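**Student:** Got these off Swiss-Prot a minute ago, pasting:
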- 240-255: compositional bias 'Acidic residues' (COMPBIAS)
- Lys172: SUMO2 cross-link (CROSSLNK)
- Lys221: SUMO2 cross-link (CROSSLNK)
- 123-161: domain 'LRRCT' (DOMAIN)
- Lys172: N6-acetyllysine (MOD_RES)
- Ser178: phosphoserine (MOD_RES)
- Ser197: phosphoserine (MOD_RES)
- Ser236: phosphoserine (MOD_RES)
- Ser255: phosphoserine (MOD_RES)
- 20-41: repeat 'LRR 1' (REPEAT)
- 43-64: repeat 'LRR 2' (REPEAT)
- 65-86: repeat 'LRR 3' (REPEAT)
- 89-110: repeat 'LRR 4' (REPEAT)
Amino acid sequence: MVKLTAELIEQAAQYTNAVRDRELDLRGYKIPVIENLGATLDQFDAIDFSDNEIRKLDGFPLLRRLKTLLVNNNRICRIGEGLDQALPCLTELILTNNSLVELGDLDPLASLKSLTYLSILRNPVTNKKHYRLYVIYKVPQVRVLDFQKVKLKERQEAEKMFKGKRGAQLAKDIARRSKTFNPGAGLPTDKKKGGPSAGDVEAIKNAIANASTLAEVERLKGLLQSGQIPGRERRSGPSDEGEEEIEDDTVTNGS
């Protein structure tokens with residue numbers, strides 16, 4: 001493992017990404033703890049912490065400029081309190097493929113008032129009953145959850161389920177937090193699917209090149225790694241009418 005130092009931050013790749021944001025690339029260093037980010041001097045719109053060994057999402061200084069945080073493929077099992085004090089403008093948070101287990105572990109995200117794009121895919125918590133409605137109720141500012149746009153009907157269902165004394169008790173009952181973390185506990189054990197063909201790989205690469213948000217780029221990279229092809233993902237069902245719906249539930253545009 002590598003300690004995140006001011007020297008590492010200075011040496012890491014820094015560039016203007018596909019959506020014209022200034023990005024700091026800290027992926028793949030096996031960093032265990034987020035620290036020393038004051039050395040960035042708040043000069044970045046996006047920071048990529050993918051493919052590290054981070055267990056807790058905290059340790060941020062005040063970063064007013066930061067809008068996008070990519071933390072997929074880590075070991076995150078806890079989310080620190082008071083993230084809004086450090087990251088007041090965070091709009092995109094990608095936590096795909098981590099170790100979040102309990103619904104209550106997601107509660108600190110409610111403080112991030114600017115958060116509109118959130119991915120918690122491939123975390124054990126997504127298998128919990130009422131997972132999606134719970135997140136929609138607790139973090140109502142999120143417009144896109146797990147690359148699926150939040151529908152008006154879902155907001156109404158979440159409000160109905162968790163409102164009042166009975167709803168508050170239900171939320172309390174299902175929202176216990178993790179007390180301990182056992183490495184590997186609760187993680188999926190499914191066998192990997194076969195890889196895509198050369199033509200499929202090219203199709204995904206083209207889709208990545210045309211992506212309009214970092215979140216969409218990360219989703220497409222995940223498809224490439226898992227052998228899925230854009231346009232062949234399983235649909236969640238027929239679309240219902242509503243002011244927050246789009247024709248295709250899978251979000252491909254950050255607008």
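Cβ coordinates are placed from backbone N, Cα and C, and glycine is handled just like the others.
Keep in mind that this is a model prediction, so the values were computed, not measured.
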**Student:** Given a separation of at least six residues and a C-beta threshold under 8 Å, show me what packs close to Lys172 (SUMO2 cross-link) in the same chain.
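**Tutor:** Sequence-distant Cβ neighbours: none.
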**Student:** Just give the helix, strand and coil counts over the repeat 'LRR 4' (89-110), going by DSSP.
**Tutor:** 8 helix, 3 strand, 11 coil
**Student:** List, by number or range, the same-chain residues at least 6 past the repeat 'LRR 1' (20-41) whose CB is under 8 A from its CB atoms?
**Tutor:** 1-6, 8-10, 12-14, 47-61, 63, 67-68, 70, 214
**Student:** Could you give me the DSSP helix, strand and coil counts for the domain 'LRRCT' (123-161)?
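**Tutor:** Taking the domain 'LRRCT' (123-161) as a whole: 22 helix, 4 strand, 13 coil.
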**Student:** What else in the chain is close to the repeat 'LRR 2' (43-64), if you only count residues 6 or more beyond its ends and a Cβ gap under 8 Å?
**Tutor:** 1, 14, 17, 21-35, 37, 70-81, 83, 85-89, 95, 99, 181, 214, 218
**Student:** Below 8 angstroms Cβ to Cβ, which residues of this chain, lying six or more residues outside the repeat 'LRR 4' (89-110), approach it?
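**Tutor:** For the repeat 'LRR 4' (89-110), the far contacts come to 55, 57, 64-83, 116-125, 128, 130-131, 134-135, 138-139, 174-178, 181, 185-187, 213-215, 218, 222.
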**Student:** Would you report the average pLDDT that the model assigns to the repeat 'LRR 1' (20-41)?
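**Tutor:** In the predicted model, the repeat 'LRR 1' (20-41) has a mean pLDDT of 98.
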**Student:** Give the three-state DSSP assignment (helix, strand or coil) for Lys172 (SUMO2 cross-link).
**Tutor:** helix
